[in-house]
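Engineer: Dropping a structure here in structure tokens format, bear with me for questions.
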Amino acid sequence: MASQAPRDFEAQALGLVPIVVETSGRGERSYDIYSRLLKERIVFMVGEVNDQTANLVVAQLLFLESENPDKDISLYINSPGGSVSAGMAIYDTMQFVKPDVSTLCMGLAASMGAFLLASGAKGKRYALPNARVMIHQPLGGARGQASDIEIQAREILYLKDRLNHLLAHHTGQDVERIARDTDRDNFMSSEDAKAYGLIDHVSTKRP
């Protein structure tokens, strides 16, 4: 009989999603691990924030709201950030749905990832002890004619101001400090992020 260990290692190396098998009186039912955790109202946002990941997160938030509008949803974040527009789609949906959306950073929440981490329900924003959080201003990469660059520059300045005001709202910091602190990449430990108001708790163990 072949050893199971090499097969498990091969599955991990290929990036395959583990399958969970549950047995009940009705027989066996298999789920991929993320679908099983979705039943526990846990949503993952891992990797770059883009239109695809935003669509997946938004769809799961809306589905869980339809399942039970009064039970909290947990959003687990490990993301270097990405598209502002995609991130704002997630942000607006988090504020739109009726259940509180709790956020938890595992690994890294940077840029839009940090913004979404801070946007969780007040008192329900967490980070694991060795997680890192990074805030900065929106990045621009304008190209084209001078008039096009001017239009894009105005849009970036608008987004910067809008994000600063929202981050000030969620952290309790004043907008001027947010503007200063996001002028360059600003990395924080979990404890620093808590002191800044980006999260409420550093979690070493599940409550």
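Keep in mind that glycine also has a Cβ here, set from the backbone N, Cα and C atoms.
Quick paste from Swiss-Prot:
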- Ser111: active site, nucleophile (ACT_SITE)
- His136: active site (ACT_SITE)
Engineer: Given the active-site residues Ser111, His136, which one is most crowded in terms of C-beta atoms within 10 angstroms?
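Structural biologist: That would be Ser111, with the highest Cβ count within 10 Å.
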Engineer: For the C-alpha pair, I'd like the distance in angstrom between His136 (active site) and Ser111 (active site, nucleophile), rounded off.
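Structural biologist: If we compare the Cα positions of His136 (active site) and Ser111 (active site, nucleophile), the gap is 6 Å.
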